[in-house]
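What TrEMBL says about this protein:
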TRANSMEM  23-41  transmembrane segment
TRANSMEM  61-83  transmembrane segment
TRANSMEM  103-123  transmembrane segment
TRANSMEM  130-154  transmembrane segment
DISULFID  194-224  disulfide bond
TRANSMEM  251-274  transmembrane segment
């Protein structure tokens, strides 16, 4: 009887031990499964974050590549104008460097450098370059806004000074070292059918004789500007420019809005990518 009880106790302990092992094994398996699930979920999150980062990176790279190519194009046009036309479209004697060629070269260089910063910062995932790109766009945007505000505030004074400066430039029309200015006035007067800054009499005051360039004649011929009986264009070129700006104000406004949107998109892309790289760096460090 005692032997049977002993055997029964041993069997009972064995059963309890087996159950404990089974429960322990189950708990360990559940814990392992939970850890695997958490690791997998974290890996998926990391993969999704990395995928979003790559997508954003290449979107910004393509965006700035187009930006950079536009800058290269503008720079090329500016250099071509400078080489082939000399000081073409240098109307102002007060600002001889303010020519069409120099203006296009300056804008092209700024656009090209800014686009290069964005491209390199995006493809290298470099926070310093991305921040430099953002600051560059912000400075350009603020400069544009300040210039626009100043222009509208001092519009009358700007118009008055511009007219006077252009009239002073007419006196350089026949000088040997101002071929660019002469070419510019000839093209403007022929294409826009205008004469002088405010009228053909501007040429009389500038050249100190009653003559005008031949391109001021309604019926162009060699030496017609010296013929008092010739019919000259009576409208000044400054007024023609103002009319053209007024007629195309909607188009110019649309172009300005597109430029603004492009700048804002560039700033948004750069800051979003900057934040994503910053977060990914923190996760990696953790």
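Keep in mind that glycine also has a Cβ here, set from the backbone N, Cα and C atoms.
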The answer for the transmembrane segment (130-154), taking Cβ pairs under 8 Å and residues 6+ beyond its ends, is 64, 110, 113-114, 117-118, 121-122, 260, 263, 266-267, 270-271, 273-274, 277
Near the transmembrane segment (103-123) in space but 6 or more residues beyond its ends, with Cβ under 8 Å, are 57-58, 60-61, 63-79, 81-82, 129-130, 132-133, 136-137, 140, 266, 269-270, 273
Residue 224 (disulfide bond) CB neighbourhood, other CB atoms within 10 A:
19
Using a Cβ cut-off of under 8 Å, list the residues of the same chain at least 6 residues beyond the transmembrane segment (61-83) that approach it.
99-119, 122-123, 133, 262, 265-266, 269
Can you tell me which parts of the same chain pack against the transmembrane segment (251-274), counting only residues 6+ beyond its ends and a CB-CB cutoff under 8 A?
53, 56-57, 59-60, 63-64, 67, 118, 121-122, 125, 127, 130-131, 133-134, 137-138, 140-141, 245
